[in-house]
Amino acid sequence: MSSVATIKRNIIPPHLEVKGGRPLSGILKVSGAKNSSLALMAAALLTKEKLLIQNVPELTDIEVMSEILRNLGAKLTKTNNSIEINSESIHNVELPYELVHSLRASFFCVGPLLTRLGEAKIPLPGGCNIGARPVDEHINGLKALGAEVEVINDVVKAKVSTKDKRLLGANITLKYPSVGATETILMASCLASGKTTISNPAREPEIQDLAKMLNSMGAKVFGAGTKRITILGVESLSGTSHCVIPDRIEAGTFLIAAAITRSPLIIGPVIPNHLSAVISKLKECGCSISQHGNHHLKIIPIEISGVDITTSPFPGFPTDLQAPFMSLMATAKGSSKIKERVFENRMQHVLELNKMGACIYLENNTAYIKGVKELVGSNVEGGDLRSSAAIILACLSAKGNSIFTGLEHLDRGYEKLEEKLTNAGSIISRKFDQITSHSSFSNKIISEDNIDTQKNAA
């Protein structure tokens, strides 16, 4: 009997390979705001006329929202970074779970569906696993506007039972300035009968961008970006053309990329007052930041020292940049403290950063960081969108090579990230499933013998 040698093959899942320790240079281009684009796309359901949204980033979240709108009966035409939406023939009031479970912004459709069709059935939404983000404030706001809302088997069922099928204006006070709840109430009240006020609303730039587009459609929204928003309901809204604001979170990520690689960079386009808290902390930790032309910022890192931050709603330090800033603090001189006050499960990057040589101690939602001279390349994994960005920044600054898995998270919020970073001088490339026998990849390698087992467990 002849013996047959068995070769065990290993597979690396789709990943980024990063050669760290290289300075960046030039310009990092900022795309349109993802979070703004998603709300604007949902708002297109409010009118029977065509609506053109420009400067929309190419992201998987945008693709999911596009599919949701098509499922409702809307017609979409995409050209480069523009999307034309025609919602004249929407007819479906129920969203499928397979689309909604991965995108929290899908819940934005509830208000427009109520105003257009008088009914909506939407499964409780998903998104990044960063802690509880209940839709209670959304539901309470819709109820205040006269909608009948109930949650049955994790499906939100809402309808308008008034004789004319219109919601009714109301005075609403949010317990917490939730961005999503503010946007839901804002869209639902535009076509309501009478006057609506939202006290303690979210003041984020994305709220202001939504209000600006709604007003260009014929809505009457006043006070977006302040502590009280007033909406005077109108009979109908028209189509319009609107350009999405620059993504302040991507811009902040790029500013931190410059700081962590100790590289002078130009970042833009940006709206500086959307980044005031971030710019302030970067200056405090040792960066020079100045206006460069009308729409760009120039950042020059000098000597990075530890500073403390606490996340809070706008205009405070954004929770979406907590993780990237922690990567920077991991390489800063001295100690720092980062407190997360918006979400209770947003420290998934700490373990991966420590794997790269960072010295971070986590106590509840506060991270205590002792800066190290340098991070070391490693095999690392992102657990959500912003932790993935933080880990990529760490890989850029680290000594040696890194393999990053978790592209499904990164692709949700950063358009063509590796292409932009490559243009700025980094060595970073996207790789797909590969066969390898290198032991250095061991903690990210999946044995073919165990693939089915792991799929079943997931």
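Note that Cβ sites are derived from N, Cα and C of the backbone, with glycine treated the same way.
Listed in Swiss-Prot for this protein:
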{"type": "ACT_SITE", "residues": "CYS128", "note": "active site, proton donor"}
{"type": "BINDING", "residues": "LYS34, ASN35", "note": "phosphoenolpyruvate binding site"}
{"type": "BINDING", "residues": "ARG104, ASP320, VAL342", "note": "UDP-N-acetyl-alpha-D-glucosamine binding site"}
{"type": "MOD_RES", "residues": "CYS128", "note": "2-(S-cysteinyl)pyruvic acid O-phosphothioketal"}
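Overlay of Swiss-Prot annotations on the structure.
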residue : record                                        : CB count, 10 Å
LYS34   : phosphoenolpyruvate binding site              : 24
ASN35   : phosphoenolpyruvate binding site              : 25
ARG104  : UDP-N-acetyl-alpha-D-glucosamine binding site : 18
ASP320  : UDP-N-acetyl-alpha-D-glucosamine binding site : 23
VAL342  : UDP-N-acetyl-alpha-D-glucosamine binding site : 20
What DSSP gives for ASN35 (phosphoenolpyruvate binding site), in three states, is helix
Taking only the CA atoms, the spacing between VAL342 (UDP-N-acetyl-alpha-D-glucosamine binding site) and ASN35 (phosphoenolpyruvate binding site), expressed in whole angstrom, is 17
LYS34 (phosphoenolpyruvate binding site) and ARG104 (UDP-N-acetyl-alpha-D-glucosamine binding site), compared by Cα position, are separated in whole Å by 13
I need the CA-to-CA distance for ARG104 (UDP-N-acetyl-alpha-D-glucosamine binding site) versus ASN35 (phosphoenolpyruvate binding site), whole Å please.
11
